[in-house]
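All remarks here apply to the structure that follows.
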Amino acid sequence: MQGQTQSISFDGREIRLTTGRFAPQAGGSVLVECGDTAVLVTATRSGGREGIDFLPLICDYEERLYAAGRIPGSYQRREGRPPERATLTARLIDRPMRPLFPAWLRDDLQVVATCLSLDERVPADVLAVTGASIATLLAGIPFNGPMAAVRVGLLGDDFVLNPSYREIERGDLDLIVAGTPDGVVMVEAGGNQLPEQDVIEAIDFGYEAICELIKAQEQLLKDLGIEQVKPETPTQDTTVPAYLEKQCTKAISEVLKKFDQTKDERDKALDAIKAEAAEAIAGLKEDDAIRVATASNSKLLGNSFKALTKTLMRQQILKDGKRVDGRALDEVRAISALAGVLPRRVHGSGLFQRGLTQVLSTATLGTPSDAQEMDDLHPSTEKLYLHHYNFPPYSVGETRPMRSPGRREIGHGALAERAILPVLPAKDTFPYVVRVVSEVLSSNGSTSMGSVCGSTLSLMDAGVPLKAPVSGAAMGLIKEGDDIRILTDIQGIEDFLGDMDFKVAGSEKGITALQMDMKITGLPVKTIAEAINQARPARLHILEKMLEAIDTPREGLSPHAPRLLSFRIDPELIGTVIGPGGRTIKGITERTNTKIDIEDSGIVTIASHDGAAADEAQKIIEGLTRKVNEGEVFSGSITRIIPIGAFVEILPGKEGMIHISQLSEARVEKVEDVVKVGDEVTVRVREIDNRGRINLTLRGVPQSGDGAGEEPQPTPVAPLS
């Protein structure tokens, strides 16, 4: 199996590209390697579909646990449905690829990236994105590439190119940027409340590196003797577009300038104009070119009408500076925010509305055992904060079957989750697992940013001590040549007919999440910087409205939320608390009706709806793990009697034995002659034998009522730090 391997020196590392060896029947394939990470990426094209008006592109990212030397934990020991992070990586490949294919292309396209080996120093996702571009170029598919992606981290004051998983976790920024020779085409980022300027500089830093990878791809094609297939727009019939422009321009323009109408009224007015045009065309002669063209292509009229509407709306924005709802370019829609809209059985709730977009978010507090276990290639194995996003059909006035979340729902949920993560309290101060669910009740653009705002409201209502409240806004863009307008808080039609969807979330201090998608082949960093800076006053305006509903997290939790107690024990004593076969900890939970989690570090978390029960469980565990010294005096009750002695519970869950010879100074024939089960006695620790058993004595120890002293207080347990 012959193949060619090209090496690229990139930021002090070697990236190896192997072509012609793997997947010979795929349209194009490349194995991208860096360190011990290896990703096989293929691109395949099949015949075109009739009667569709979209690009049927599928991008898949496949993880194989053998890549990390692991066997799946499922019953069948086989990978099943792609985990969430794999789905997000598939979207990461799709988003910069999709705008680079020609608008007329209707062939089935599929890009599959498979992670074959994973080095924790080299995450596979950005290699997969770059590999998708190479495989597509090798397949001879019309494509406005090359395209490449890099990750940028921030450690201290220094940007790090393609950081390791550990560096990502330690840093204040995790930014992925993809670009073409025309500019940046995709941005995805999470930041620790970073100033706008830091994020802009990171994007610029990343794009400079992207340009190196683009040159490397061009050189690869040259070395392989492959000529890139550039998209050429086929000749299209202009009779129908010209007819609609003549017949409908005035009517459409009048509708777009009725700023006081609702979305529904505008949509119905445009539909009426289109229906009138269709009726007029149907009245033309049977051999008329316009009638023949629309009859042979059922989607031609609709697509041409949509294109005309798009052109007129864009012209209105570029020339008049007015949007379809009359807002200025930097104006935010009317905002409404409420906290605590549901009964307190729901731990926290918030209702956020911006224009016609409405999101209901709920927050639920759980125990450490509620954390989500992640069975994928990522080094982190659990999630303590989860955000789930639901988009039912009624939110856009439609009907369709209700199914499990798709890629869009997963992606939007992950973005809103990432926006909140940097402001969540530390685990040792707030040990709850938190789940937020955002229900989109009405959608007219920017539902993901509405979910960010709703999440903040619900978390504050639940009493989660956020470091700072977070809001978000979606920015848009209209570009005709060098004429550019940036739009604040875009609504549905502006997203659909515009060139960019740029979501920015953050606190007053700085940015926590970014996501930018383009419909054009790239933007200069300068324009992206303008959009980021224009988003800040919008975010702060939205945040101000939210804080009118709730300005600080509630002091008390819902009475229906679990109460958690956390403290630390010696990790070497974890086995003592658990007991043989888990008997000890099971007995504590049954006795106190609590839920107990113990981490390997020795952190114990007790969950209960009854504070007294949690306190009791803590005392038992502290008793089990408290060190007992010879000579200490304790008061306790007789728990059981055997022929040779009696057992005393000297601390919660911890017993010692009084040998019959230690019950009295005088000779004792029968244990029951001195003590009975339930008697309260004061004992001294006589010795602790080499098996850890505690031997007690009553001899020489004053009992209550005859001058006995107070029981020594247990040694305090070290607080969490």
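Backbone N, Cα and C define each Cβ position, glycine as well.
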Among 218-241, 578-601, 698-721, Swiss-Prot marks as region 'Disordered' the stretch 698-721
For Asp501 (Mg(2+) binding site), the nonlocal same-chain Cβ neighbours (under 8 Å, six or more residues apart) come out as Ala474, Met475, Gly476, Ile490, Asp495, Met516, Asp517
The correct DSSP tally for the domain 'S1 motif' (631-699) reads 6 helix, 36 strand, 27 coil
The correct DSSP tally for the domain 'KH' (562-621) reads 32 helix, 16 strand, 12 coil
